[in-house]
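J.: I have a structure here, written as structure tokens, and I will follow up with some questions on it.
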Amino acid sequence: MAKDFLGLSDAGGDVVAAMINDAIDRKAARHGWPKARPDADAPLAGHVLAMIFEKNSTRTRVSFDMAMRQLGGSALILEAGSTQIGRGESIADTARVLSRMVDAIMIRTDDHAKIEELAHYAEVPVINGLTDLSHPCQIVADLLTVVERGFALPGLQLAWLGDGNNVANSLIEAAGLMKFTIRIGGPAGYEPDAGFVARARAAGGEVILTQDARQAVAGAQVVVTDTWVSMGQAGGDAHVAAMQPYQVNSALMAAADPAAMFLHCLPAHRNEEVTDEVMDGPQSAVWDEAENRLHAQKSVLLWALGKL
Ligand code: CP
Ligand code: NVA
């Protein structure tokens, strides 16, 4: 049975904690090494990952490619538009064929139902590299960054500002698994997925929805935002106007815990959802967060391939 990583719950809280620990250890063990030199144990030697992209990506494609190299394996990139998927070959048949040739599949797509279908028909692990619904790999990297900065996950106070999007949904899932508090500050009509909220609360996370940005960040140790308009969303003037009160700027950061850190999965729209001052300021951990995509991806790959 292939171990798919369509959401954080596929792994569970204990495994996510183990992924973070493994990432910290592997990152430290290769500190200062040339970036493409394999880790000493090269645990995925001889393995290949296929990556399917139906949406743009910089971090996800580079981090998975480099993760495979550092684990001793290799990766190949399939731009969906230049494959037969782009001409209508079914997800199911694509899954069957790729399963005969590669050891794992990572896909970035729009409709979450597509990744579920791919996972259903694939005989190798399928990893979610972002769908319209969720972005779990990003959150493993985010949690790694939080832990690296000395914060404990259980009981953590985290604030999310702006659109209740795919990244927000996975962060809410993490709140349930790792038992922390997430306060979502955003406008009516742009709330996160109700199912993610309900499941996280049932799992023991505290999820608070508010339209008051200051209430969301009060006491927060981690302040997180993302683009106001995600890939594939229509956007428009009304959408962007509704987001304005949730911009993360110095005044809003001052309302959080004085030691709060700032996270953004990137790409950022500077001076829209976050000001330059915050992005480039002392509380920002966004470059560590971006680098940690690589270290987190390695743990996800190792788990999916039964080596963690
Ligand atoms: N954060 C993230 O997933 O970035 P990319 O879209 O560049 O992959
Ligand atoms: N929410 C953003 C994340 C990009 C990495 C999007 O889906 O476009």
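From the backbone N, Cα and C atoms, a Cβ is placed for every residue, glycine too.
TrEMBL labels come from automatic prediction, so no person has curated them.
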J.: Of the residues Asn128, Asn166, Asn292, only one is listed by TrEMBL in the L-ornithine site with Asp226, Ser230, Met231. Which is it?
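T.: Checking Asn128, Asn166, Asn292 against TrEMBL: the L-ornithine site match is Asn166.
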J.: Need a hand: TrEMBL gives Ser57, Thr58, Arg59, Thr60, Gln84, Arg108, His135, Pro136, Cys137, Gln138, Cys265, Leu266 for carbamoyl phosphate, which of Arg26, Arg30, Arg37, Arg293 is also on that list?
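T.: Among the candidates, TrEMBL records only Arg293 at this carbamoyl phosphate site.
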J.: Quick one: average pLDDT across the domain 'Aspartate/ornithine carbamoyltransferase Asp/Orn-binding' (155-303), no decimals.
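T.: So the average pLDDT across the domain 'Aspartate/ornithine carbamoyltransferase Asp/Orn-binding' (155-303) works out to 98.
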J.: Relative to the mean position of the Cβ atoms of Asn166, Asp226, Ser230, Met231, the recorded L-ornithine site, which additional same-chain residues have Cβ within 8 Å?
T.: Leu130, Asp132, His135, Asp163, Asn165, Val167, Thr227, Gly232, Gln233
J.: Run through the Cβ atoms and count how many others sit within 10 Å of the one on Asp226 (L-ornithine binding site).
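T.: For Asp226 (L-ornithine binding site), the count of other Cβ atoms within 10 Å is 26.
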J.: Give me the long-range Cβ neighbours of Cys137 (carbamoyl phosphate binding site): same chain, 6+ apart, Cβ under 8 Å, in sequence order.
T.: Phe5, Thr60, Ile127, Asn128, Gly129, Leu130, Arg293, Ala296, Gln297, Val300
J.: From the binding-site residues Ser57, Arg59, Gln84, His135, Cys265, pick the residue whose C-alpha lies nearest to the C-alpha of Met231 (L-ornithine binding site).
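T.: Ranked by Cα distance from Met231 (L-ornithine binding site), first place goes to Ser57.
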